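*Asks:* Dropping the structure in here first, questions after.
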């Protein structure tokens, strides 16, 4: 047992802040923001933002490399920098399995799911289920669930992670910094639409990878190279192991020594912190929900100009997903080696002084490396990287939640809303999300940081598997109907809540102060629970479907995988609703078909014209495309739903997919 060091000599949170107050850092940060704003303005000028398809799907004009870069940048938020590095510092390499699992799942998106979404002619995922099953309750349920998850989990994680970095690296006021960050993000999200997001995502992907590569180089140099990491990590333990609290006292070495299996991706199926069956199967289920049916991700794919470009973008994203192991997880482990008394603190009162929370300070691993290792200028670059990740992730949530609310909820309230009204509501929803985000900041700041990364994974495991099951069955089992899908979702939700509510009521605890949640409620690993929940939801869906009337085949053409190439006319189950509405976009028709006949208004003033252009709502004028005829609109709709591929390029992307899977299998085996 280590000797107790005097509490007063423990590192203080305030003593280790490195303020960005030198000209080099400020210049780099300013240049970065000018670059992002410039790219956003450029995309505003060159893209069509005045229509629903142009704003929400970038007009289906994106080539493969911005699609892939945007998929990666939308997925990699500041939560990855803080969370992956922090979990790597705490338990070793296994957390990289969350990233490398996605290599295979993103291929499922490009090859199996995206073709059906395209031929269905949809903008949102609940909209697909509305076409597939009919009825309103599934679509409304998924829209509300998705918005709930966006606001209270994704935004929470990004906000907390950004706050940790700002606290540790800058010393700025948290609220002023995050509000300014949200403001800039909101400006180019509200004004630019999806095309602006995808172009800025592409720029930020290079910023993220470049800055993280530089820090990785500094970190490996400091620790003595790749071999130095694996030689020293198992000995990286804090010297502060005795608490002043008599209830805690001497802390067991089990709580502050690195795990013996820290270097293994695949761990013991019972005693491992990430059991290998759960990592391979349970994580695939949760990842399937995120990569194949989550609005943030799928919306990027639907913007690809062709199915081949979509597949190539998925491959590029997969290759980029190889990098977090080396750019985030291993630097987090190095941070524990270099600063064990801070990053690996275990005494509650010491941890509170170091990072403000008692359960541990592994979340400061990445910010600590930036503060300690990076020289002036490069430290500003790394701040820009973190801001890029945070802004990209938040902007994705803002845009996608705006799409969900506008197309799936608002059109239920105002079925005859015109194109301009929908665009205005979509932008106002973004403003509302920003207000909610800022109001949520005190809750995020008060949360125990050591539990936040596990929190987001656990919440996903309790709520996502029923959605995954329904989407898989919807695409691949034509016999599944609306009753089965709805009751499968509801039954799965009740099962998930039965695990989620007691676990978070009791708290997840820590090694020093374990949770009081009974083992029969909380003892099963959350990824194992995801497997059980997935199969129970799927079984309930199939059982109810087989006991009720099937959906006639005439309603399923190009809505299930086996009928994706069908040329027969489809009778949409939501046709009656669409005929009563003036919104052909709900049937996949192009945005121009949505224009409503409105009385001719007097010419707006110059100020009003500028304001309408800035918000992407101007009509007519120089450079505006003429309205499409009915024949042109039908041709555009067919192009949006086209999944034909050039055979030679199809073979190229297929071979690249096989190559990427081979690389992934090798890396899994090497680190298993």
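Quick reminder: no glycine exception, Cβ is built from N, Cα and C everywhere.
According to Swiss-Prot, the record shows the following:
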- 73, 76, 389, 392, 393: Na(+) binding site (BINDING)
- 255-511: disulfide bond (DISULFID)
- 345-351: disulfide bond (DISULFID)
- 355-361: disulfide bond (DISULFID)
- 517-522: disulfide bond (DISULFID)
- 250: N-linked glycosylation site (CARBOHYD)
- 1-22: topological domain 'Extracellular' (TOPO_DOM)
- 45-63: topological domain 'Cytoplasmic' (TOPO_DOM)
- 86-93: topological domain 'Extracellular' (TOPO_DOM)
- 115-136: topological domain 'Cytoplasmic' (TOPO_DOM)
- 167-173: topological domain 'Extracellular' (TOPO_DOM)
- 218-275: topological domain 'Extracellular' (TOPO_DOM)
- 296-309: topological domain 'Cytoplasmic' (TOPO_DOM)
- 332-375: topological domain 'Extracellular' (TOPO_DOM)
- 407-424: topological domain 'Cytoplasmic' (TOPO_DOM)
- 447-451: topological domain 'Extracellular' (TOPO_DOM)
- 478-482: topological domain 'Cytoplasmic' (TOPO_DOM)
- 506-523: topological domain 'Extracellular' (TOPO_DOM)
- 548-651: topological domain 'Cytoplasmic' (TOPO_DOM)
- 64-85: transmembrane segment (TRANSMEM)
- 94-114: transmembrane segment (TRANSMEM)
- 137-166: transmembrane segment (TRANSMEM)
- 174-195: transmembrane segment (TRANSMEM)
- 196-217: transmembrane segment (TRANSMEM)
- 276-295: transmembrane segment (TRANSMEM)
- 310-331: transmembrane segment (TRANSMEM)
- 376-406: transmembrane segment (TRANSMEM)
- 425-446: transmembrane segment (TRANSMEM)
- 452-477: transmembrane segment (TRANSMEM)
- 483-505: transmembrane segment (TRANSMEM)
- 652-670: transmembrane segment (TRANSMEM)
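Looking at the shown structure, what environment does each listed feature sit in?
*Replies:* In the structure as shown, the Cβ atom of residue 393 (Na(+) binding site) sits within 10 Å of 28 other Cβ atoms.
The Cβ of residue 511 (disulfide bond) lies under 8 Å from the Cβ of 252, 254, 255, 346, each on the same chain and at least six residues away in sequence.
Other C-beta atoms found within 10 angstroms of the C-beta of residue 345 (disulfide bond) number 27, with every protein chain shown included.
Residue environment of residue 355 (disulfide bond) contains 27 other Cβ atoms, counted within 10 Å of its Cβ in all protein chains.
Of all Cβ atoms in the shown protein chains, 17 besides its own fall within 10 Å of the Cβ of residue 517 (disulfide bond).
In the three-state DSSP scheme, residue 250 (N-linked glycosylation site) is classed as strand. Cβ neighbour count for residue 250 (N-linked glycosylation site): 11 (other Cβ atoms within 10 Å of its Cβ, all protein chains included).
For the topological domain 'Extracellular' (1-22), the model gives a mean pLDDT of 51.
Under 8 Å from some Cβ of the topological domain 'Extracellular' (86-93) lie the Cβ atoms of residues 233, 258-259, 261-265, 273-274, 325, 328-333, 335-336, 343-344, 360, 362-366, 453, 671, all in the same chain and six or more residues away from its ends.
Taken residue by residue, the topological domain 'Cytoplasmic' (115-136) breaks down under DSSP into 15 helix, 0 strand, 7 coil.
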*Asks:* Quick one: find which recorded stretch in 94-114, 137-166, 310-331 has the most Cβ pairs under 8 Å with the transmembrane segment (276-295).
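*Replies:* Against the transmembrane segment (276-295), the leading stretch is 94-114.
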*Asks:* Based on Cα distances to residue 250 (N-linked glycosylation site), point out the closest of the recorded positions 73, 345, 355.
*Replies:* 345
*Asks:* Quick one: Cα separation, residue 522 (disulfide bond) versus residue 345 (disulfide bond), in Å?
*Replies:* 26
*Asks:* Same chain, outside the transmembrane segment (652-670) by at least 6, Cβ under 8 Å from its Cβ: which residues?
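*Replies:* Distal contacts: 100, 103-104, 107, 110-111, 265, 308, 311-312, 315, 318-319, 322, 325.
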*Asks:* May I ask you to check whether the transmembrane segment (483-505) and the transmembrane segment (137-166) make contact, with contact taken as at least three Cβ pairs under 8 Å and only pairs 6 or more apart in sequence counted?
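*Replies:* Since 3 or more Cβ pairs under 8 Å link them, the transmembrane segment (483-505) and the transmembrane segment (137-166) do come into contact.
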*Asks:* Quick one: what's DSSP say for residue 76 (Na(+) binding site), helix, strand or coil?
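*Replies:* For residue 76 (Na(+) binding site) - judged by DSSP and reduced to three states - the answer is coil.
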